[in-house]
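TrEMBL lists these features:
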- 8-189: domain 'Glucose-6-phosphate dehydrogenase NAD-binding' (DOMAIN)
- 44, 87, 88, 150: NADP(+) binding site (BINDING)
- 180, 184, 218, 237, 342, 347: substrate binding site (BINDING)
- 191-490: domain 'Glucose-6-phosphate dehydrogenase C-terminal' (DOMAIN)
- 242: active site, proton acceptor (ACT_SITE)
Ligand code: NAD
């Protein structure tokens, strides 16, 4: 790996503290960082290098996967961390960066590379990008990259505008649009499960699959992120990116190679095949919800409208459920139900693939009581497992059946420790210049396009029933109706 200089804009922010620096620390322990590397935290505050290092040490102690190794590795790791006080709008700051980059190359050679991680509010990204371009900090496309955090745009038009602007300044291969779900081991494992096994792919289509469900449920409220959430909502915050990306992994065709663009082309095909919703149909395909006040873990919990920095009349949704169709041969008329929300009954992200029921003619009537279709459940987080449900005979004299689960789990403690966090995988890919797990411009736009009709209808038509669910529930009743109308119900993981 080439010597690497990493600038983290927003170096004093929450993401840098909780995820980025701890992830870089773990990469360092594993020997995945380049020989010479320097991490420069960039922020508005006037803080000394020693103070910044002390803050980062505290964050690693608190958040790193192997924080117990802090003492052993810290002194060497920390020598590579420094801080730059920076005013985004001042040329002086970028000149300082250009001088730092020049000195880094002089010391470590012309192979050196530079990475800018924009861990700042999205509205600051264009300012930074223009200045980086103006100061020729990213003029070599092979040796310079920029990472953009989500949200990438606010809707289709703003994402297109941002893509056009960036496209004028940089090459697409320099632009890394992050969706941290794609760095999760369990999400990447979907490709292994589907394409490295002969068992599933032959039946992975409308002939055998009844429907697919994706749940990304959180028990937490919006916490202190009121002002961000007021401009976002569940659809933009979760469905446009993480949920649709999981859907793509389930629905994509087999790639002919693991080349970045090949995988991304196959995912794009899925997004482009999503059935377009007419405005008048949105109410049949999408349900929104907002949590009201209630009780959570024995304590009084505020409703969304009572949260800090939230409009007391806010109509922003904290829950969304949508029924999608992928209009191609493989998925003809197979519904994909997705749901996501805050303050729900359990923290779980899972994908459920339900197969068509086997015919039960030959079995006695009583067997029909417990007859269940086969189901493959992929636990993404926090449970990381794959369970295949099938019918088995209950031991005893009669032909009584019961559904049983065959479980593959990553759960053993040792294995969990060995698993890189999503941000580790993704940062390593940025350093190595592998964009496979990052969103290309056309993918981001296709994802916005898929939810644009829902956003427009919801934007024009205020909800009449908000708040419509209580903390600790599974969301509004309409979400149950969305799936029950088709004869199904939402799957959750069994309590173990
Ligand atoms: P944050 O508010 O904690 O940090 C933002 C950083 O930007 C701070 O260091 C702040 O000093 C800096 N900043 C703000 N205005 C500035 C200005 N005018 N000039 C210079 N610096 C300025 O935010 P965060 O939670 O760290 O999130 C950063 C980005 O990552 C956002 O785009 C967010 O949507 C995204 N993100 C965060 C998380 C998370 O878990 N925190 C998860 C996913 C995506």
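Every residue gets a Cβ built from N, Cα and C, even glycine.
Bear in mind that TrEMBL entries carry predicted annotations, made automatically and left uncurated.
As the structure is a computational prediction, the values presented were derived from the model and not from experiment.
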Give me the CA-CA distance between residue 44 (NADP(+) binding site) and residue 180 (substrate binding site), in Å, as a whole number.
26
Over the span of the domain 'Glucose-6-phosphate dehydrogenase NAD-binding' (8-189), how high is the average pLDDT in this prediction?
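That stretch averages a pLDDT of 94.
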State the three-class DSSP label for residue 180 (substrate binding site), counting H, G and I as helix, E and B as strand, and everything else as coil.
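Residue 180 (substrate binding site) sits in a helix per DSSP.
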Looking at the binding-site residues 87, 218, 237, which one has the fewest other Cβ atoms within 10 Å of its own Cβ?
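Taking 87, 218, 237 as the binding-site residues, the minimal 10 Å Cβ count falls on 87.
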Among all the protein chains here, how many other CB atoms are within 10 A of the CB of residue 150 (NADP(+) binding site)?
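Taking all protein chains shown, residue 150 (NADP(+) binding site) has 20 Cβ neighbours within 10 Å.
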Between residue 184 (substrate binding site) and residue 87 (NADP(+) binding site), how far is it from one CA atom to the other, in Å?
34
With respect to ligand 1, which members of the recorded positions 87, 184, 237, 242, 342, 347 satisfy a Cβ distance under 6 angstroms to one of its atoms?
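None, by Cβ distance under 6 Å.
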Can you tell me the CA-to-CA distance separating residue 342 (substrate binding site) and residue 87 (NADP(+) binding site), as a whole number of Å?
35
Measuring C-alpha to C-alpha, could you say which of the binding-site residues 88, 180, 347 are within 10 Å of residue 242 (active site, proton acceptor)?
180
Mind checking which of 180, 242, 342, 347 has the fewest other CB atoms within 10 A of its CB? They're the recorded positions.
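Per-residue Cβ counts within 10 Å for the recorded positions 180, 242, 342, 347 bottom out at 347.
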Whole-number Å only: compute the distance from the Cα of residue 88 (NADP(+) binding site) to the Cα of residue 180 (substrate binding site).
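Distance between the two Cα atoms comes out at 25 Å.
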Which binding-site residues from the set 180, 218, 347 come within 10 angstroms of residue 150 (NADP(+) binding site), judged by C-alpha positions?
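So the list reads 180.
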